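Engineer: This structure is in structure tokens; I'll ask about it shortly.
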Amino acid sequence: ACTGIENIDEAITLLEQNNWDLVAAINGVIPQENGILQSEYGGETLHGPAYGPTSHSTAASSTPSSSSAFRHVVPSRQIVERQPRMLDFRVEYRDRNVDVVLEDSSTVGDIKHILENELQIPASKMLLKGWKTGDVDDSTVLKTLHLPKNNSLYVLTPDLPPPSSSHSGALQESLNQNFMLIVTHREVQREYNLNFSGSSTIQEVKRNVYDLTSIPVRHQLWEGWPPSATDDSMMLAVSGLTFPCHRLTVGRRSSPVQTREQSEEQCTDVHMVSDSDGDDFEDATEFGVDDGEMFGVASSALRKSPMMPENAENEGDALLQFTAEFSSRYGDCHPVYFIGSLEAAFQEAFYGKARDRKLLAIYLHHDESVLTNVFCSQMLCAESIVSYLSQNFITWAWDMTKEANRARFLTMCTRHFGSVVAQTIRTQKTDQFPLFLIIMGKRSSNEVLNVIQGNTTVDELMMRLMAAMEIFSAQQQEDIKDEDEREARENVKREQDEAYRISLEADRAKREAQEREMAEQFRLEQIRKEQEEEREAIRLSLEQSLPPEPKEESTESVSKLRIRTPSGEFFERRFLASSKLQVVFDFVASKGYPWEEYKLLGTFPRRDVTQLDPNKSLLEVKLYPQETLFLEAKE
């Protein structure tokens, strides 16, 4: 309202240059003789913004009891009435383009009436699409849409039959198709699968992506749009996207200092950055801009997205948003924040090997502190600080702006550090934030080495970090020595335990071998005994089954046999000459020489008697009246 600057990007850039000092930013743009704004409060002259046009004339007097410290500057010359703003529209319908020029006080219905005469289509049959603020009705006044000077729209007529040409039929078919857009959010490495109809516009896609990523359309940096996609008002069906699936990548555009001409030049690349020239307020609804507002524009436009959602269930998700928002505000050169809970950060920093342990740095952010922007941009994002933190610290962050998040952190602080540290943080005033807590893990507890407030310098911050590292390094060396000694003792104990285990294993194996050998001997002995018992039983059975030995004075023919054993012993017996040879075999077996294992040999002639028919009589086999036989073991 004071400077005539309508471009949001340029206004924010000027505020950043002046460290968000509104009065300094306004006076830096307005010429000095016009920019010094006079006001009276308690008899003193103040410098500040004025509502309305500026002038180099002196202001009218006001009483000290005025309810506002600032008053209007009344220009000495007559105020020129506001001229109506002209808007240019290029309307596309099938193969035709119609140019329409209207004042911003006209309505959407006025555009339709002009198109009705040009296209010979009833206004009631038209659907006018391509509005950057969503669908509107015929009574909507153009001024309320905050449109740029040049606009592109298109007309749909779903109630009218399509033209007979094949091209129009193919276009209508494309409009009815659904496109799958796989959009990758670069900062958080997350993919979104979005379905859009072919009649949707590129601008609608970008606004939907804003709802998902919280990146305003004017800050979106895109990759993957086809070269033919030269206008955000273009429908997806005619933009050249790959059907049915197309991949895109979106990130947040940095905010370098730009002039109005540089901003307009950069916005010509529609593939990378959404178009936004001096008259383009495509994000006006996002900031609540209205022509009737004056400084209300600045207050709502400068409202930042929260660093961290309130009452986040998962600390890791909250830290992801914190990191993304921090990068969007202060750039990519910043400490690497640990993504996870505070307990997980403790685990990472304190509970590894002594050589791998680090200090834990907890950054407590507060958006309402006047020191926050300077601390983050000039100190926390300084390359020397970032490098030193990444090498020696695990950095964890939390946003204390919201009361719920503040209470949640104080609860965590009480649990991990005790009530004294929690009370110290609780008593810190808003303007003392941001805070930087340096934590060192000890055997029994976690010790807060230092609490660094936001009113510091890069050199002082580095010195305090280095001082904390000296304390930590001394403690770490002791921990390493203790750990090495403990590992040495454990190694000796492990070696002793291993040697004892090997000895036990050898003794056990030897004992098991002996037990197996004894068991085998016992088994063989049992088999031998069983065999002997079986043989003895057979022998006794055969001995009992033998016919009685005939006497020498028997009147029957008697054969006298003399049998020599392998050991040289002899035993004799008389048999009836009519007895079968089997009786002789049974006799020999009853003496312990079964004919299955031994053979009975005759002398003259030498023959194997066991090969003869055992059912023949001794007389028939010529073992009568006497014979000497030899027992020989079979092979």
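The count begins at 1 with the first shown residue.
Every residue gets a Cβ built from N, Cα and C, even glycine.
So TrEMBL has the following annotated:
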- 47-73: region 'Disordered' (REGION)
- 53-69: compositional bias 'Low complexity' (COMPBIAS)
- 476-496: region 'Disordered' (REGION)
- 486-496: compositional bias 'Basic and acidic residues' (COMPBIAS)
- 540-560: region 'Disordered' (REGION)
- 554-631: domain 'UBX' (DOMAIN)
Engineer: What counts of helix, strand and coil residues does DSSP assign across the domain 'UBX' (554-631)?
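Structural biologist: Taking the domain 'UBX' (554-631) as a whole: 13 helix, 29 strand, 36 coil.
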Engineer: Could you pull the average pLDDT for the domain 'UBX' (554-631)?
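Structural biologist: Across the residues of the domain 'UBX' (554-631) the model's pLDDT averages 89 on the 0 to 100 scale.
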Engineer: Using DSSP, how many residues in the region 'Disordered' (476-496) fall into helix, strand and coil?
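Structural biologist: Helix (H, G, I), strand (E, B), coil: 21 helix, 0 strand, 0 coil.
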